[in-house]
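Student: Have a look at this one before I ask anything.
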Amino acid sequence: MAGEVVTVGNKTEENIVCYAPTMITTNGIWQGENPLDYSLPLFILQLTLVVVMTRILVFILKPFRQPRVIAEILGGVILGPSVLGRSKKFADTIFPLRSVMVLETMANIGLLYFLFLVGVEMDIAVIRRTGKKAIPIALAGMVVPFLIGVSFSFMLHKNSQDTKQGTFILFLGVALSVTAFPVLARILAELKLINTEIGRIAMSAALINDIFAWVLLAFAIAFSENHNMALASIWVILSSAAFVVFCVIIVRPLVGWMIRRTPEGESISEFSICLILTGVMICGFITDAIGTHSIFGAFIFGLVIPNGPLGVTLIERLEDFVSGLLLPLFFAISGLKTEINAIDGVGTWAILALVIVLACAGKIAGTVLVTLYYRMPFYEGVTLGLLMNAKGLIEMIVINVGKDQKVLDDKSFAIMVMVAVLMTACIIPIVTIIYKPARKFVPYKRRTVQSTKPDSEFRVLVCIHTPRNVPTIINLLEATYPTKKSPLGIYVLHLVELTGRSSAMLIVHNTRKSGRPALNRTQAQSDHIINAFENFEQHVGCVSVQPLTAISPYSTMHEDICTVAEDKRVALLIVPFHKQQTVDGGMEVTNPAFRTINQNVLANAPCSVGILVDRGLSGSTRLAANQVSHHVAVLFFGGPDDREALSYGLRMREHPGINLTVMRFLPGEAAIEATRSDSRKSSMNDPGVLTVVTDDDREKQLDEDYVSEFRARTANDDSAVYIERVVNHGEETVAAIRTIDNSHDLFIVGRGQGTISPLTAGLTDWSECPELGAIGDLLASSDSASAVSVLVVQQYVGMGPGDQLLTPDSPSRQLHEHFNFSHMNPRSQIRGQQPQFHTQP
């Protein structure tokens with residue numbers, strides 16, 4: 001209890017204020033008390049309920065590919081007076097009026113820090129590099145819906161409302177014209193458009209739109225003050241501008257000085273982090289005192305923090321807690337304020353439908369006009385317009401501020417919430433139907449290593465999960481021996497899992513200057529990967545590197561990989577194995593999802609695929625080409641996959657520092673007899689056995705032709721060794737492999753899909769990873785005595801239009817092309833030997 005004496009004129013009044021600390025926390029149910037009568041337990045229950053409801057809705061809406069913001073808004077609506085809150089008992093027990101102040105305060109703190117993080121993540125420099133299309137598209141996508149908002153404001157605004165018509169117009173116009181950047185980023189990733197031209201334009205336009213929206217929101221809040229509007233509004237705008245200038249001129253250099261004081265390689269000090277987090281609240285307090293809104297100050301403060309280690313640290317520490325726990329509270333508050341019952345009568349519902357249709361159409365119309373001016377296809381303009389209709393946090397902030405300032409009544413507020421939900425929810429289904437870009441399917445012949453011409457570019461797509469995958473892949477590519485006549489075109493695809501975090505969406509290499517600090521850990525990884533490959537490109541001649549990023553759920557990531565492989569017309573696609581080597585030499589699973597990706601890639605790839613089991617590969621990209629030394633072994637059993645493996649080995653053999661051993665396994669008498677026995681059994685059951693036998697004979701002939709050419713080509717070459725081993729079963733095969741495993745640092749083997757050989761009999765009984773085939777699985781196994789890297793190759797055998805893979809009718813021409821004079825071993829050239837060709841009929 002506290003007393004306060006107040007003197008007014010000649011009178012003295014004494015006010016007594018009662019404060020009960022026991023109303024915060026309970027003494028417990030055993031004391032006979034109800035925890036929900038106390039503010040802290042009640043708040044904890046409310047927060048838990050909001051988070052659980054949001055997560056359930058996220059799970060339910062996931063198959064419909066809806067962004068998380070939809071689940072968060074709907075969660076609030078369900079908990080509010082529209083659904084569960086219709087029960088008076090539920091509303092009074094869980095969300096009583098006395099708890100609203102605590103709930104709103106916490107929601108606004110969450111909002112404050114979330115908008116601060118949005119500011120930290122936002123790179124204004126991107127706008128300067130967006131190109132000439134993004135700014136007109138952003139402006140057109142704002143102006144037309146704004147004008148529609150103006151026209152509807154006359155229908156929705158009532159004379160009885162205290163607010164002036166001008167302020168109402170401003171709020172409604174801003175709410176209809178904004179585009180939610182984080183929501184749009186998520187939608188683009190879901191639709192696999194984030195790396196496309198239309199995706200880049202949409203992201204840039206949304207970023208510009210967001211900044212314009214913030215300026216308009218500041219004006220809207222300034223003008224929402226009803227008393228002394230003219231003078232007060234001018235002071236609000238001037239002081240807000242002064243605050244922005246202060247942040248840019250004073251705060252930004254101070255933060256920069258603080259970052260520079262941190263030694264390179266060390267983490268930002270706890271004191272600096274605490275200072276920044278306190279600064280968020282101070283800036284929020286200042287702008288709230290000015291009369292704008294606390295979130296405006298937090299956003300500007302985030303915007304002036306330089307990109308770099310400080311930004312990374314802040315995002316990593318805060319984002320999951322703020323966006324996962326506190327932000328849903330803000331949407332819940334919005335839902336608790338939404339009374340769908342207020343939208344009464346057919347006329348009001350008709351106005352709602354009209355607002356949605358016209359606002360959506362306005363964005364589309366404005367965007368289409370600009371895209372037509374730039375001669376983009378009509379359907380792309382419509383798609384872009386639909387994407388720009390993504391609503392989310394900023395619109396919810398606008399209408400919440402509008403309701404708090406009494407600019408919007410219950411009906412207008414409910415209408416605007418429904419507009420936000422419905423406009424955002426319909427984007428993905430409609431875009432999926434409308435946007436079906438014509439696949440630029442130009443048939444190309446070189447989908448395999450074997451059919452790549454020796455005097456043309458050899459294109460490889462390498463997939464990277466983490467920087468740990470990089471060194472061995474770079475050494476493998478270096479050993480592939482790029483030359484002026486056959487340069488190496490490398491496409492590096494960084495695979496990033498699509499999560500709910502908006503920061504993951506901001507990895508777009510094209511929009512970032514080289515050398516700029518990363519925004520988050522994923523982007524830092526991306527930068528490490530790119531830098532490593534750029535370094536490789538500089539130190540090794542005849543190599544071109546193009547970095548790309550795939551942001552997808554793991555379940556559909558293979559679609560992105562296969563699309564890039566087809567678009568870039570690669571001959572070989574290399575993916576890392578899902579296990580990595582441990583310190584003791586064993587193999588442990590890094591992520592089970594990686595295995596699923598590999599299996600899906602093997603099933604759907606439009607080119608040959610290599611799975612790289614990484615146990616390290618000696619050599620360094622810093623060494624000169626003639627200093628690199630590898631001992632490579634190709635295990636040849638026969639079939640298209642083994643021919644592809646041998647073909648890749650042959651290309652590597654051209655490298656002066658590579659020693660190649662080819663071990664061919666031939667069936668012994670017992671194995672031949674076993675094969676005949678199996679054929680007799682199958683001929684009794686299968687009337688089409690003649691075809692099978694014919695195919696088998698054709699494959700054997702192709703194997704013989706290819707091996708004969710290899711032997712003839714390498715007859716006088718000391719760097720190539722050919723060994724034949726006659727084996728009858730799996731045990732003898734394993735014994736033969738073990739005779740050479742310790743003297744090599746890379747094995748190249750065919751996957752051997754679809755072939756059952758007596759030479760590998762028994763090896764598949766204990767198979768851990770069938771996707772590697774019998775021999776690949778044996779070499780990659782943790783039980784394997786050798787610690788050698790393995791490349792398991794699967795040849796692309798699709799016979800699309802224009803494909804000319806090896807056929808029985810034309811082995812000579814194809815083989816002659818492969819062993820072309822231009823691809824001759826440099827050692828043979830040095831010794832002055834003439835190339836020898838030998839072709840069997």
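We count from 1, first residue shown onward.
A Cβ is built for glycine as well, from the same backbone N, Cα and C atoms used for every other residue.
Because TrEMBL annotations are produced automatically, they should be read as predictions rather than curated entries.
On a predicted model such as this, the values are computed, not experimentally measured, just so you know.
Copied straight from TrEMBL:
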TRANSMEM  40-61  transmembrane segment
DOMAIN    54-430  domain 'Cation/H+ exchanger transmembrane'
TRANSMEM  68-85  transmembrane segment
TRANSMEM  105-127  transmembrane segment
TRANSMEM  134-156  transmembrane segment
TRANSMEM  168-189  transmembrane segment
TRANSMEM  201-223  transmembrane segment
TRANSMEM  229-255  transmembrane segment
TRANSMEM  267-287  transmembrane segment
TRANSMEM  293-315  transmembrane segment
TRANSMEM  322-343  transmembrane segment
TRANSMEM  349-374  transmembrane segment
TRANSMEM  413-435  transmembrane segment
DOMAIN    488-625  domain 'Cation/H(+) antiporter central'
DOMAIN    631-798  domain 'Cation/H(+) antiporter C-terminal'
REGION    803-841  region 'Disordered'
COMPBIAS  822-841  compositional bias 'Polar residues'
Student: To what whole number does the mean pLDDT across the domain 'Cation/H(+) antiporter central' (488-625) round?
Tutor: 78
Student: Where among 40-61, 293-315, 322-343, 413-435 do we find the most Cβ pairs under 8 Å to the transmembrane segment (349-374)?
Tutor: 413-435
Student: Three or more CB pairs closer than 8 Å, sequence separation of 6 or more: does that hold for the transmembrane segment (201-223) against the transmembrane segment (413-435)?
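Tutor: Touching, no - the transmembrane segment (201-223) and the transmembrane segment (413-435) miss the threshold of 3 or more Cβ pairs under 8 Å.
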Student: Below 8 angstroms Cβ to Cβ, which residues of this chain, lying six or more residues outside the transmembrane segment (68-85), approach it?
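Tutor: Residues packing against the transmembrane segment (68-85) from afar: 49-50, 53-54, 57-58, 60-61, 91, 94-95, 180, 183, 186, 327-328, 331-341, 391-393, 396, 417, 420-421, 424-425, 500.
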Student: Which residues, given as numbers and ranges, are at least 6 beyond the ends of the transmembrane segment (413-435) yet have a Cβ under 8 Å from it?
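Tutor: Distant contacts of the transmembrane segment (413-435): 64-67, 69-70, 73-74, 77, 156, 172, 175-176, 180, 183, 187, 190-191, 193, 198, 334-335, 337-340, 342-343, 348, 351-352, 355-356, 359-360, 379-380, 382-383, 386-387, 389-392, 395-396, 399, 402-403.
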Student: Tell me, please, if the transmembrane segment (40-61) and the transmembrane segment (322-343) are in contact, taking contact as 3+ Cβ pairs under 8 Å between residues separated by 6 or more positions?
Tutor: yes
Student: Using a Cβ cut-off of under 8 Å, list the residues of the same chain at least 6 residues beyond the transmembrane segment (293-315) that approach it.
Tutor: 108, 111-113, 115-124, 214, 217-218, 221, 240, 243-244, 247-248, 251-252, 255-256, 258-259, 262, 267-268, 272-273, 276, 279-280, 283-287, 397, 401, 503, 516-521, 524
